[in-house]
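Here the structure is laid out as structure tokens; the discussion comes afterwards.
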Amino acid sequence: MIAHKQKKAKKKRVWASGQLSAAITTSEMGLKSVSSNSIFDPEYIKELVNDIRKFSHVLLYLKEAILSDCFKEVIHIRLDELLHMSKHQNLNSVDLQNAAETLASKVKAVNFTEVNDENKNDLFREVFSSIETLAFTFGNILTNFLMGDVGNDSILRLPISRESKSFENISMDSVDLPHEKGNFSPIELDNLLLKNSDSIELALSYAKTWSKYTKNIVSWVEKKLNLELESTRNIVKLAEATRSSIGIQEFMPLQSLFTNALLNDIHSSHLLQQTIAALQANKFVQPLLGRKNEMEKQRKEIKELWKQQQNKLLETETALKKAKLLCMQRQDEYEKAKSSMFRAEEEQLSSSVGLGKNLNKLLEKRRRLEEEALQKVEEANEHYKVCVTNVEERRNDLENTKREILTQLRTLVFQCDLTLKAVTVNLFHMQQLQAASLANSLQSLCDSAKLYDPGQEYSEFVKATSSSELEEKVDGNVNKQIASSPQTSGYEPADSLEDVARLPDSCHKLEEDRCSNSADMTGPSFIRSWKFGMFSDSESTGGSSESRSLDSESISPGDFHRKLPRTPSSGTMSSADDLDEREPPSPSEAGPNSLGTFKKTLMSKAALTHKFRKLRSPTKCRDCEGIVMFPGVECEECLLVCHRKCLENLVIVCGHQKLQGKMHIFGAEFIQVAKKEPDGIPFVLKICASEIESRALCLQGIYRVCGNKIKTEKLCQALENGMHLVDISEFSSHDICDVLKLYLRQLPEPFILFRLYKEFIDLAKEIQHVNEEQEAKKDSPEDKKHPHVSIEINRILLRSKDLLRQLPASNFNSLHYLIVHLKRVVDHAEENKMNSKNLGVIFGPTLIRPRPTTAPVTISSLAEYSSQARVVEFLITYAQKIFDGSLQPQAGVIANTGAIAPQVDHGCHPKPLLSPDERDSDHSLKQLFFSSKEDIRTMDCESKTFELTTSFEESERKQNALGKCDAPILDNKVHLLFDQELESASHKTEDTCKSPKLLLLRSDRVANSVQRPTPRTRLRPVSLPVDRLLLLAGSPTERSSRNTGNTDSDKFGKNAAFEGLHRKDNSNTTCSKVNGFDQQNVQKSWDKQNERNSFTAKTTVIIPSAYAEKGLAVSTGNNRGHSSGAAQPSKAHADPARSARDTSEHSSSDSCPVAAVRAPRTLQPQHWTTFYKPPNPTFNVRGTEEKTAFPSAAVPPVLVHAPQSHVAKSDPDLEATLACPVQTSGQPKESSEEPGLPEGTPTCQRPRLKRMQQFEDLEDEIPQFV
């Protein structure tokens, strides 16, 4: 049924379209008659005047409606009356239609809710101007019509409306069908469709057909535009090649004309490309596709809505049918019950008296059944009525929905037609403009070609060749001009016998013609002398010189100096023709960047720093790592090789020296990269971190958002090829972050070594425990009244410092640099949304990970990820307290010859997080975090001296144990006396050693008045491996000696307060070998003297004045204690009940000697306790083991500073005298730490005091402060 109606509608549309075409034809025929005869018809003129007067009145009514504060509907009605003035089709032109559309858009754009007396003139200014424009346009069109100047192009070919009464359609009104006269209004269209039962399906099918139709149109336009675009590109290439070929050929007929034609082709092709781009963008394709997609979307929604409404109506109709059947069934049941009741009554009347009682019961039962049946009938009738009401409501709803859908579809179709009309006008209008410009240019070329006289150029050529008397003069002028021209200086002058001389006037004329006709030619402009017999057959027949090699010499065997000029590449030749290194570059090519023939090649910023030349031999490209054959270039300075096509993406800057080979960085051993840097920090870390800090600290999601994988791999490859010379400014910040994370992730062993993994995981658990305690206590009023840094946090800080000092110098410096960089990222967390917790999650598994194994992943190993993140978060949060802004130098930087390693580039060091003033203002808080391993380090190994220092450790510990009340007074006196002696001694050391001046680490002069805790001199037991027990049993200096070598001297200060505070352990440290002086010989002599000279508890040291005159500075202090002054040997296993927390607290409070100078060394435990095998002693070791022991408490502290030259020449008696006093109790022999191990030969062994245990117990009762 639907298909049949669609066929009928199609037949009607075909018939209507044929009638419309006939109407248009009749209209076109009538226009001529109107233009010729209607003007002289008095009746038509009278009617026209009346219509014009009515049009002016409508304009006035519209203006008055706007000025008289009418409602919006009134203004729109007036505007609608104005726009429907379409009676005279001869006056309905494009300009008038555009003016009317402009007026309508201006009126609709006014927001009438905001109109008042104040802003009325401003809001309606554009409307009034549009009304005046419409009136002016109408007047012009009317004048042209009356004057007979109306053109057919300006008249719109619109369908003739019912109101259009003119001579060409009067006869047609009598034959048109009633329902086909003119255009229907939108309401009439909807009413017509409502009469049809299948109106929704017809409208939806039309919308679907419109979508398919539009799809085909868009497909045709897109394919056509693509073909035209490809054609224009080929035309441009062909025109460029042809123009460059015919441009060098002179005296050719119509040469300028064809050159202009080629230029016109190029210009028109460029215009066509712009037109195609516009049509593909917002002029045709995109708007039409958008409208089609919207049509499809709304059509599907409308279809779904219509199906839902139909299903609802079907459900209600089904319910109505069921209700009707139920009513009929109930009625039948009621009739049966009623007849049964009637029979029962009859039986009762005819029955005897004895059966009356039973019949009464039966009668009552049947009466009850009859009533129930009647009740069911009434209920069924009520349900039926409800169903009937529901069906009526559904039908009304369906009718309303049908009307709304038809209105929506009609509006949608109108909008789609409007869009299709607009884009179609754009399409043909732009094509018309393109064709018009092309037609004009072709017409001008045709006119120019008609003016050419055949043989004109040949005559000019003959005249030029026959003027032999002026050959030398012209040849000299030409050669002079060639030599002076900067664009042709690369070409040698031709021989005079082969040159074709021309007259000066013809020369100038030719030069002017070439400049005017070939102004846009690419390549050098030059004056070329003709040579006879120099054309090959292929050139003369083919018409192009591209088939020959433009780099080759002349074809003539006798012409060794002439070279053909090189034409630029047209896209079809090899790109190697521009790389002729046999020709010296011209002055114009030898610019500041020395681009030469690469001016047309796209280059990156890094590529512009190179000075390229043609590649001499095949090799590998540094950019893409492909094989470079002939189309390759090579830098003259750094010898970088790459393809020409890779110059656009090159990121390696010229280093003006030979570029190093490729270095495998990602996945390589860390020490391989670190040993090539002065400070041990990989250049990848420094480059990436500095670039991120310069432009991406406020970038949201830094280090969290992933970058482009291809660009990241490109940057990794460039860093391996160019190392420090890579310019990473062209890459995005996320790509740089990915490179940094990838480098850290691919390290075989992270910055925090595998052997320290367990300690850091335990540290993370302590951090978690402390955080939980702080969370529980942060709301208590006591903490709010007395805010202070938790002692547990301070202890964790000191333990973390102790663990970090066990890292090698390069690992420590790299970790230091990275953590400080991440701290700066966290400082901008408000902008980048990356706090320390987020960064800990990202960098935790990268910086701290266990040794890889083949064991399967367990839940415990997964749970350690949070611990890894927590440690990194803690390091970032307390970076100011853990790292102090300076880096450790690498170990082993001094060679056997005493040469000093290159200085560390301080520009690469992390910037200090606080200024000195801020440090001083915050000094009261940071005093709690001083650690001997952090604040006291050795000086540079290139110093020419060593210092032998002692301390008041035993006396201070005795004072703290005997009386806490006298501790501050004694401490102040001892420190004041000792500081004065140290200052005088250190000044002498400066003069002797000529070492760099030491800077102040802190400048707090009131530190002497603060009571300082006494550090322990013994170790508490802890559950660690044997080698770690040996490491912890030694002094802090001994534990960290392998990590510290020559350190930047700017880190240390001479503040007397802190020197007195930290001088509690003294040790003898020397460089292994400086200026040929071997420290091991002195150590052996000291050991021998130690064996012979064993001092008791009351031994004193007497140094003659003769030795002081030789350069020894002696400072003697008074010892105030005698009862328990003996040194206490270290007992690693003395008290197994002590906890690991006390152990870490004790080890963190150990101290080191101040400014002790020695070479870095490696701790070598006894070989029978571990698997470690001690290496053979060489002169390259960082230092020898120090075997020190403390004398009795009665010995006054002695500070000796002696130059190496004096020590080397000192007497044996002096060595014997200095042997034992310089040994400290804080550094006992390793063999004495393990009671169960074989004992070596001890040096200056002392008996254990009887009251040792008492002092230890008393010391435990004294509160310890960090």
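Quick reminder: no glycine exception, Cβ is built from N, Cα and C everywhere.
Among SER154, SER174, SER506, the residue that Swiss-Prot annotates as phosphoserine is SER174. Feature annotation (Swiss-Prot): of 71-74, 443-446, 459-462, 1263-1266, the stretch labelled region 'Interaction with PTPN13/PTPL1' is 1263-1266.
Here the candidates are SER166, SER468, SER484, and Swiss-Prot annotates SER166 as phosphoserine. Swiss-Prot assigns the feature zinc finger to one of the listed ranges (609-654, 839-884), namely 609-654. Per Swiss-Prot, the phosphoserine annotation among the candidates SER185, SER995, SER1035 falls on SER185. Of the residues SER549, SER588, SER1225, Swiss-Prot records the annotation phosphoserine for SER549.
Looking up SER485, SER586, SER915 in Swiss-Prot shows the phosphoserine annotation sitting on SER915. Note on SER185 (phosphoserine): other Cβ atoms within 10 Å of its Cβ, all shown chains, come to 9. Mean predicted confidence for the zinc finger (609-654): the pLDDT average there is 79. Following the DSSP three-state reduction, the secondary structure of SER185 (phosphoserine) is coil.
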